[in-house]
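The structure under discussion appears below in the form of C-alpha cells.
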Amino acid sequence: MRTLFVGDLHLSTDRPDITQAFLRFLDTQLHDTDALYILGDLFEVWVGDDIAEPFAEQLAKAIYQASQKLPIFFIHGNRDFLISNAFAKRSGMTLLPEIYTVDLYGIPTVILHGDSLCTLDKPYQRFRKFRNLGWAKWLYAHLPKSKRLDIAVKLRSKSQSSNQQKSYSIMDVEPDAVLELLNATKTEQMIHGHTHRPAIHQLANGRRRIVVGDWYEQGSMLSVSQDKIELIELPFGK
C-alpha cells in the first residue's frame with residue numbers, strides 16, 4: 001500500500017488537457033492506495049463557491065466518486081484559499097489546516113502547500129498575512145461576483161509580472177523556515193508544493209524535504225510507501 005500526494009494542478013477551463021489528465025489520474029492511479037492528499041492550488045483561481053464554473057462541479061463529482069474508495073484530504077493553496085468546507089464536503093474531501101502533521105508509515109511528517117516557507121518574498125508574505133485575516137475574507141466574500149472576478153484577474157496578472165522580476169532564491173523556500181517548522185512540529189519529514197520544483201532533499205540529521213511537482217507540462221504525483229519514496233511523472237495523453 002502507498003499514500004499519494006499531488007498539488008499545483010491549477011485546473012481551469014483554459015487547460016482542458018490538465019483537467020482530463022486529472023480525471024484519468026483519479027480513475028487509474030488510486031489502486032493499492034491508503035489515502036490521497038491534495039496540497040493546494042487544485043484550481044488556477046477560486047473566488048467563491050457561487051462562481052464555480054460547471055467544470056468545477058464535474059471535478060467535484062469525480063473526486064467524490066474517488067473518495068468512496070479511499071480518504072481524500074485537501075490543504076488550501078494560494079490560488080484556491082477560498083474553497084469552502086461545503087465544497088470540500090460535496091467533493092468528498094476532508095479539509096485540513098494549512099499545516100498538518102501525519103504519521104506516514106512510522107515517519108512523523110508535516111505537510112503544507114508551501115507558500116508560507118518562502119519568507120524572503122516579503123511583499124507576498126505581507127499580502128498572505130492580510131489575505132488570511134478573518135475580516136478580509138468576510139469582506140471579499142461579500143463583494144459582488146463581478147468585483148471578485150475583477151480582483152482575481154488583477155492579482156493574478158500582478159503576481160505573474162512580479163514573479164518575472166524576482167530572483168530564483170526569493171521565490172524558493174527559505175531553509176531556516178523549513179528547519180523552524182520541522183522543529184516546531186517535531187517531525188522528521190516535510191512534504192509541500194507551491195514552488196513547482198519537484199525534488200527529494202536530504203537534510204541534516206536524517207531529515208527529508210519533498211517537493212511535489214506541478215501539472216503544467218505533465219502530471220506529477222508523489223508516492224510514499226513503507227519502503228519507497230518516488231516522484232512519478234504522468235505524461236498527458238497516457
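Glycine residues also receive a Cβ, built from the backbone N, Cα and C atoms like all the rest.
Annotated in Swiss-Prot:
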- ASP8, HIS10, ASP41, HIS196: Mn(2+) 1 binding site (BINDING)
- ASP41, ASN78, HIS113, HIS194: Mn(2+) 2 binding site (BINDING)
- ASN78, ARG79, ASP121, SER159, ASN163, LYS166, HIS194: substrate binding site (BINDING)
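Here the binding-site residues are ASP8, ASP41, ASP121, and the one ringed by the most other CB atoms within 10 angstroms is ASP41. In sequence order, GLY7, ASP8, LEU39, GLY40, HIS76, GLY77, ARG79, GLY114, ASP115, GLY193 are the same-chain residues whose CB sits within 8 A of the CB centroid of ASP41, ASN78, HIS113, HIS194, the residues recorded for Mn(2+) 2 being left out. The local packing around HIS194 (Mn(2+) 2 binding site), expressed as other Cβ atoms within 10 Å of its Cβ over all shown chains, amounts to 26.
Same-chain neighbours of the Mn(2+) 1 site beyond ASP8, HIS10, ASP41, HIS196, judged by a C-beta within 8 angstroms of the site's C-beta center, are, in sequence order, GLY7, LEU9, GLY40, GLY77, ARG79, GLY193, HIS194, ASP214, TRP215, TYR216. Working note on the binding-site residues HIS10, HIS113, HIS196: by count of other C-beta atoms within 10 Å of each C-beta, HIS113 ranks first. Among the binding-site residues ASN78, ARG79, ASP121, HIS194, the residue whose Cα lies closest in space to that of HIS10 (Mn(2+) 1 binding site) is ARG79. Annotated pair HIS194 (Mn(2+) 2 binding site) and ASP41 (Mn(2+) 1 binding site), C-alpha to C-alpha distance, rounded: 8 Å. Checking each of the binding-site residues ASN78, ARG79, HIS113, ASP121 against HIS196 (Mn(2+) 1 binding site) by C-alpha distance, the shortest gap belongs to HIS113. In sequence order, GLY40, ASP41, HIS113, ASP115, ARG128, HIS194 are the residues of the chain that are 6 or more apart from ASN78 (Mn(2+) 2 binding site) and have a CB within less than 8 Å of its CB.
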